[in-house]
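I have placed the structure first, in the form of structure tokens, so that the comments after it can refer back to it.
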Amino acid sequence: MVRPTIHRCFRLPPPPPPTPTSEYPKGKLLNMFLNHSRIQQSRNPQPKSMKSVDLNEAVSFFNAMVASNKTHPIFQWNRVIAVFVRNERYFDAIEMYRRLELSWVVSDINTLTMLMNCYCCCSGCVGYGFGVLGLILKRGFVPDVVHFTILIKGLFFDKNVEEAFWLLCRMKELGFPPNEVTKGTFFRGLCSTGNWEDAVRWMEDMDENGLDSDVGFQIYYGIIIDCLVKKGLIQKAEELMVEMRSKGFLPDVVTYNSFIYFWCHVVDLNKAINAFFEMKEQGIYPDVVTYSTLIHGFCRAGELEEARRMLDEMKSFAISPNVIAYSSLIYGLCRAGELEIAIHLFGEMRNAGLEPDVFAYGSIIYGFCLAGDIREVNCILCEMKNNGVIPNVVVYNLMVDGLCRSGNWKEAKSILEEMEIDRIYPDLMTYNSLIYGLCRAAQLEEARNIFDDMENKGVSHDKIIYNTMIYGYSHAGEIDEAWRVCSRMKNEGIAPDVITYNSLIHGYCQVGNWRMSLGLLNEMKNNKVSPNVVTYSSLIHGCAVHREFEIARDIFNEMRNQGISPNEFTYNSIIRGLCNAGNWGEAKAILNLMVEQGVRPNVVTYSSIIHSLCRVGEREEAYCIFNLMLKHGVRPNVIAYTSIIHGLCEVSGWEEVKYILNRMQEQGVRPNVVTYTSIIGSLCKIGDWEEARNILIQMQDQGIKPNVVTYNSIIQNLCNYGYWKDAICIIFQMLELGVRPDAVTLHVVRSALPGDESKTETMQFLESVIKKQFGIANNS
């Protein structure tokens, strides 16, 4: 007989079957079972199909069946319990079984199988699973391979690898030879416990002894590869894939999906796409998991067009997108500000008969938060709750982040109160998003209050939270507060990292204390924290701004010697510093180095050099750099155009300046007041008053108001030509437009006026008019 043999095979006697007084965790729905008044009861429950029944409905069925005092077939009880097992509410299912036993309902083999599975899926409860096996034998039922497979799964769940292997080896002896599912469970167990090398050896032994089919080996290879990929051992997984092919076993769609998932997770989409095309070439058709994984990967990388193309492709192959595919794309679209398309996709998902899950709702809510549409956010949140989808901390985190990014920090702050009402506790991500949003909105006092309140709520500060606060204070120029937060961070045993030091270095450079920044660089090195490109770039920029060019040059050279490649910002900072120092020759050499190192100069790079060359009178060289800029396809900005126009005004005729001005406007670059002032001053200098007047009118037509420098340029040149009366008329025109003459204006006019007596009277009159309009006279 089988029964005594089984009892002898166990090293320890099986624990007693569970009783109502056994100690184990109670299910979360226990209070619902015991409080019948909370659930509407039916006298004649008829649970015909339980697949679409949710947990609350299952509780209603169960309580109604108990309260009816009628005898119900065991299969109806099993259907209700199965709802909880499918939803992984194992302790609640166990509690249901206990109530059945108390109600003298006789369980069948299916009930006991579900009970065994529940125990084997709970940590530390596999012993109860063996107790259920004893109960099966005691009640005269015959166990089969399914029960042993469940027990093997439970042993692996508790990391009892040796016991699981021993039981597998005894199964054939006991009359239950392992099937494909049992072996697959064993392989997954070995891999999940980190024993993938043992799994490979065991599979090789099976292959040598011809103990399994080709289909089986294909599955086992897939299981091991999937495990290696999930552990990040991608090279080992690829080697096993090659070995698999060399033995004539082709990877299946599950194996390819594992690789695609990994490459998407590490955002190496080229390799993910290569795997996708390779599986197609091998005649393996992608499934909904393949496409959903790729869509999620493309959305994470911001490649929304590719994600949408994948969605269209899967539809064209009659593969219905699942909620994951839709939710990923909706989230990606919302992040990119494509809310209208996301809303359309959300509707399409519903029309396809798919009920939005918590992530789908969270994604569309995030989109409305980014758009600042609080009313729509509240509507969707209510709809979500009405549909039985309970918002979790991830949804609230998305709301906080979205509201902060749209500048609605007050609404974001109120989310914390709403979370408390819903008994959902904010986590570090919630606080970090809110504090970062408050820092960006320059609400540092509010951020500090939230920061201090975290400890009262039992949430400990971590490095990310500290770095966020330090970043906020540093970028707001409150470097002393940033330093105090850093000191507190150190006192709590949290070591500063490169992000901490970068924020502090930026802050000290911003307030002009570049020496402290250099001291922090040395502290980083002493603490074995490696500086990165941001560290060096901030230091170079800070030293260059404060005209410490030698130090900036030394830091630049040290950076390169450390093997850290400068980026655009680094090069622009050193070039701008050299240009401000008048060392445009070295600035040009750095520009050439920048091109050699494969860093493409941008408009800031060229504009800095052009402006510097024009300022020192090297206008021809500036014009060459300007043409080089155009040749490299870099579109000049208003600074570059204004600098070159100013330079040409000094040496060239009006026609060349006019050509550059027209080109500037054709390129969609709007001239500013400095541009027009340079041109007007140049035209007035050569006495072309009519053209200067036309430019002044064009300037005003463009909505650009001439400033005092513009008018001073006209007045200076009128006085130089002896047209002092016209200059005084220009002053009255300034007054009409609300532009206040300054000391330079009055000094130029006073110098040009003839005769001492008339000069005094005229100046007194002008000053009285200015005083009447502006309240006080200008000091001359």
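Cβ atoms are placed via backbone N, Cα and C, with glycine included.
Automated prediction, rather than curation, is the source of TrEMBL annotations.
Annotated features in TrEMBL:
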REPEAT    144-178  repeat 'PPR'
REPEAT    179-213  repeat 'PPR'
REPEAT    217-251  repeat 'PPR'
REPEAT    322-356  repeat 'PPR'
REPEAT    357-391  repeat 'PPR'
REPEAT    427-461  repeat 'PPR'
REPEAT    462-496  repeat 'PPR'
REPEAT    497-531  repeat 'PPR'
REPEAT    532-566  repeat 'PPR'
REPEAT    567-601  repeat 'PPR'
REPEAT    637-671  repeat 'PPR'
REPEAT    672-706  repeat 'PPR'
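Restricting the average to the repeat 'PPR' (567-601) gives a pLDDT of 83. Residues 54, 56, 323-324, 326-327, 330-331, 333-335, 337, 339, 342-343, 346, 349, 398-399, 401-403, 405-408, 411, 422, 424 of the same chain lie 6 or more positions beyond the ends of the repeat 'PPR' (357-391) yet place their CB under 8 Å from a CB of it. Nonlocal intrachain contacts for the repeat 'PPR' (427-461), taken as residues 6+ away from its ends with a CB within less than 8 angstroms of a stretch CB, comprise 393, 396-397, 400-401, 403-405, 407, 409, 412-413, 415-416, 419, 468-469, 471-473, 475-476, 478, 481, 489, 492, 494. Residues 533, 536-537, 540-541, 543-545, 547, 549, 552-553, 556, 559, 608-609, 611-613, 616, 618, 621, 625, 629, 632, 634 of the same chain sit 6 or more residues outside the repeat 'PPR' (567-601) yet have a Cβ under 8 Å from a Cβ within it. Long-range contacts of the repeat 'PPR' (672-706) within its own chain (CB-CB distance under 8 A, at least 6 residues past either end) are made by residues 638, 641-642, 645-646, 649-650, 654, 657, 661, 664, 713-714, 716-718, 721, 737, 739.
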